[in-house]
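Student: This is the structure I want to talk about, given as structure tokens.
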Amino acid sequence: MGITAWYMDSSDEDQRTPHRLNPNQPVSLDQLKKLGVFYWKLNADIYETDPELEQIRREQGYSYMDIITIHKDTLPNYEEKLKMFFEEHLHLDDEIRYILDGQAYFDVRDKDDRWIRIAMSKGDLITLPAGIYHRFTLDETNYTKAMRLFVGEPVWKAYNRPADDFDIRQKYVTSLQGC
């Protein structure tokens, strides 16, 4: 089984709930690819020695990695960090995350500025392109362990919306034309 994605409702209720429209409006992997979002399903139980992960890292140039556990007992300033992760933002580089355990959501904007929620669980690896507006949150289990991958040294800087003047945002928006 792979990730599932859907268009979100506009409710301000608990960010950790699914927020599906009624009726549900699913989003396919092909639709996500058109937005520059790519996905792999891997075996997280062997992430330390997984040849498929090694191949992806080699092909994509992901030379740096670390692991973050997001849970109130393991992450300093847990509530503050969750609020920060859920603030709509973009990065100047791709964001690559591999869920090693637990579950989480990435929300991304489509070309019409509608939110798409991507549900991720153990074994899901996703890349979000530089310049895409997005946010991250846990689901109701309040726990995930993720590998963060980077090309070169990690850049942790997020630019909250509005950030439309950045060249990378303009390049991303241009890439969506014709989709």
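Cβ atoms are placed via backbone N, Cα and C, with glycine included.
Feature annotation from TrEMBL assigns Ni(2+) binding site to His89, His91, Glu95, His134. For His89, His91, Glu95, His134, the entry in TrEMBL reads Fe(2+) binding site. For 1-25, the entry in TrEMBL reads region 'Disordered'.
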Student: DSSP says what for the region 'Disordered' (1-25): how many helix, strand, coil residues?
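Tutor: Here the numbers are 0 helix, 6 strand, 19 coil.
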Student: Compile a sequence-ordered list of residues in the same chain as His91 (Ni(2+) binding site), six or more apart from it, whose Cβ lies below 8 A from its Cβ; state 'none' when nothing qualifies.
Tutor: Leu128, Ala130, Gly131, Val155, Lys157, Ala158, Tyr159
Student: Using the Cβ center of His89, His91, Glu95, His134 as the Fe(2+) site position, which other residues in that chain lie within 8 Å, going by their Cβ?
Tutor: Leu90, Leu128, Ile132, Tyr133, Arg135, Ala158
Student: Which ones in the same chain are close to His89 (Ni(2+) binding site), with CB under 8 Å and 6+ residues apart in sequence?
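Tutor: Result: Tyr133, His134, Arg135, Ala158, Tyr159, Asn160, Arg161, Ala163.
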